Each structure stands twice: as structure tokens, then as C-alpha cells.
Amino acid sequence: MARFLCALLLLTTCAFAEDSLRVKRQDEAGKSDSNFDEVCKDKDAGEWFRLVPGEGDSCRDVIQCTSSGLQAIRCPAGLYFDIEKQTCDWRDGVRNCKVKNKERRVRPLLITNEPLCNDGLLACGDGICIERGLFCNGEKDCTDGSDENACDIDNDPNRAPPCDPSVCQLPDCFCSEDGTTIPGDIPAKDVPQMITITFDDAINNNNIELYKEIFNGKRKNPNGCDIKSTFFISHKYTNYSAVQEMHRKGHEIAVHSITHNDDERFWSNATVDDWAKEMAGMRIIVEKYANLTDNSVVGVRAPYLRVGGNNQFTMMEEQAFLYDSTITAPLSNPPLWPYTMYFRMPHRCHGNLQSCPTRSHAVWEMVLNELDRREDPSSDEYLPGCAMVDSCSNIITGDQFYNFLNHNFDRHYEENRAPLGLYFHAAWLRNNEEFLEAFLFWIDEILANHNDVYFVTMTQVIQWIQNPRTTSELKNFEPWREKCVVDGIPNCWVPHSCRLTSKEVPGETINLQTCVRCPNNYPWLNDPTGDGFF
């Protein structure tokens, strides 16, 4: 039992209360077990629930019905039990202490011995038939809401089909059954090892010097071009003159939302309109205030890597985004190549309570392959992988980081050469000089020792997949030579420093730095241009 719950825990090693309670179904006085039956009559196997709802210690305690009685556990100090997640979590993140049980959801009647509905219709939980397309569309069309209660990749009746290579063909579509196939069937030894370095959140005075040090114009790919990176930009505190300069240098700018809403559940449950305001709105802001006019802002990454299900990808289709880089694939060898979402994902939906898309979408997925954080993969016990480099919490020295980089590079380079993603928040490198030194030394060493390794942007990866070329053909691969080496002066030496307010961000005056004219208001969700027109 302890092993079972520990496997569920999200954030810490679990600690059971020493006085775990067992209530026997039969008592020695011969009384009936009616109380046990009453408590457990509607509970699923393995379900944890509360006898006493409330804050404080009551929120740490849950019980479970077993064949030998009621088994009780208590979350460690500082944690509460989240009824919906069925796991202990930090107290601030648990908002259902007054709830005893998981919500009971009526399931639709999708599989029955005899058909209940005519062709093109499916049955709700109450037996009423509605159109098949209304199931799992984000709106409750059944009176009991059951049409939205069986919507994972295995149950959505409108789910994307399995990969069909005869239909899914380059340059517009790419898939494989397990996600590990090399595009164009090029032998692995002839495939360039692409490495994508990305940074999330605002670009500002806290990290500009770091980016200048990494991308100093001296680090060159084998084709003679500067190494490139992708920046997923969130709005608040971003210096748009710095964004404009990074774009001028040939780095890719993508969007990471306007608000960076810190409630992870917001992103899981956001509507198509919510996603459009956050991501398409962020594109409007960054294009206007970083003066980007080449329609190059085509990528999306959700805050906290919280996937927004079909709503997120529907928004991306409607708003003409090219790719998403939010979905994580569990640690695997060989790693996965990016794929299009026309067909079913080649891996399980990975992560706690993630809401992965189930339907077909005309969007590329720049999947985040988890990194192997074991110091000695040949002998260390299994550890779960980590998607963002700075979430690999066991890396504490520069030497460890260097070995980690080499091991994960080898996993890709010696297998199917799927792109190696190194995803950062700038503070992790900026605040630890030992990590930064190890990282720069590793980049320089890789470039010096390999003539088939390229540090490229997300879009450049897609350009290669759509038109695969061997390493011998890459010196003149035009999509990788755009803004190959960029000299000259920045667009403006002294940007406008605009101190702005907004009705949507009451009580705050926020600084916006840009090479273009200051707006009337601080741009936000309902006024992304800052002109004051809501």
C-alpha cells in the first residue's frame, strides 16, 4: 500500500501516519458491517476519500476501502491531500479540503451489446442519442453532461486515427507508429544532430547579458552560420527592444502567453477564446512592440507546460500557428521525432492531470523528450526523466551538468538523432556561474568535435523535416542560411521607456521598453495593441 501511494505522489516522498487506522468489517460483538458498506458503497477500487472535510489536519487525512477494512493515511507536514488529483500536494495548491469524494461523473453509453442509436449518433449516459460530433467538443450537450466525461485519447469517439504513412506524407504531414522513425528514411549516420536551445519568459535586463554571452557571434554551426535559439516570450516585464535585437540576429521569437497565469488549472481548462486572447494576443503585442513584420512568430508554449487539450490546438489552427512545444514525452530510448497532430500521438499523455489533444489538428508538435538525469545510467536505479533542464533537481555541480549534457547528447546522436531539446529558464544559468561555464564549454566542445551537429531554432527543425537533407548537403541548405551571420548596429540604441497603466492590471504602473512609439495603455488581454480600444 505504501508503495502504491508513493507512486501517486507528485512532489515529495510520502510519509504515512504511524497510527494507520484499520477498521475491520466484522466486529467481535457480531454487529453487522452495515456502516462499512454504507461508507464504501459508491467508492471506486483504490479511491481515497475523506470522512471529515475541513482545513488543517483534516485535509491531510484520507481513507480507502479495502478487503480488510478502512485503511487511513496522512500526508506529510506541509502537504494536503488533493481529492481530484488523488495525491498529496503543497497546501497552497489544494482547494478541495471541504470536499469528501471525487466528483462522480456519468459516462456515456459508447459500447453496448445492442446499438442504441442510429448511424452518426451516440448515446448519453441517460440513453438519449445526440450527434457523434458533439461528444468531447468542450461543451456539455447531454443533459447529464456525459458527452464530456470520456474524452481521453482512448475513449473520445472523434479521436484522431492511428498513424497511416500512406496518407501522412511530407512536407505537410509526418508521423510514425512509435514516433522514432527518421524523416525521409535517411540513415542515422547521415542525419544532422539538431540541438534546440530554448528560453522561456520575459527578455529583459536580468538576462540580456546572459544571452549575449551564449550567442556571442563566435560560436558557429558547421555551415558557418551563428548558432541559433528560440525564445518563448511572456509579456510582463519584457523589453521589446531587446526582443527586436534577438530577432534581428536570427533567433526565433515564439509566444508563451500574455499573463502567464499562475493557476495551472486555468491552462488545462481554458476555452478556445481564452487561448486566443493569451497567445494570439501575445503575438499582436510582440509583433507591434518588437516591430516584427515577417510573420515569423509561429510557435506556442504553454506556461508550466500545461497542455490545453483540443481547445489549445483548435485555437492554433484558427490563428495559423505552425507548432506547439508543450507536450512532454516520457523518457525513452530512442527518443521521439517531432510529429504532426493529424494522427494520434505516438506516446501516452505524460504528466500529472495533463489535458492532451485527442482530435486531428493541422499543427506540428515539437515534442519535449524527457532528459535522463541519472549520473551513471549503466548502474544507477531508474529515475523519472525531466523535460526542462532546470527541473532536473539532482544536478548540483558543474561537473554533473557537463556529464548530463554528454550522456543525453549520446542518447540522441548514437540512436536515431532525434532533435535534442535543452529547455531553460534563464535564471538557472544566470544564478549559477558553474552551470553556465559547463554549458558554454560543452557547446564549444561539441562544435569543435562534430561537423554534423547544428544548434538551430524550432522552425529550422521543421524546415529540415519537411525537406530532409544529409549532412553533406547542409552547407547550402537555404532555410538554415537565413540571417546566417548578422552584423551591424541595433535598431535603436536608446529605446523608449514607457511607464503605463491598464484597467486590466489595476494599481500597477509597468515599464514597457520599445523602439516604437509608446502606446496609450499597457497592452493586456482585451487591449493587446495598447490603444485603449477594448
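One is the number of the first residue shown, and numbering goes on along the chain from there.
Even glycines carry a Cβ here, placed using N, Cα and C.
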Of the candidates C117, C151, C163, C168, the one TrEMBL records in a disulfide with C136 is C151
Under TrEMBL's annotation, the disulfide partner of C129 is which of C117, C124?
C117
Calculate the distance in Å between the alpha carbons (Cα) of C124 (disulfide bond) and C136 (disulfide bond), and round it to a whole number.
12
Other C-beta atoms within 10 angstroms of the C-beta of C129 (disulfide bond) total 16
Nearest-integer angstrom distance between the alpha carbons (Cα) of C136 (disulfide bond) and C142 (disulfide bond)
11
Averaged pLDDT, computed only over the residues in the domain 'Chitin-binding type-2' (37-99)
85
For C117 (disulfide bond) and C151 (disulfide bond), the CA-to-CA distance in whole Å is 19
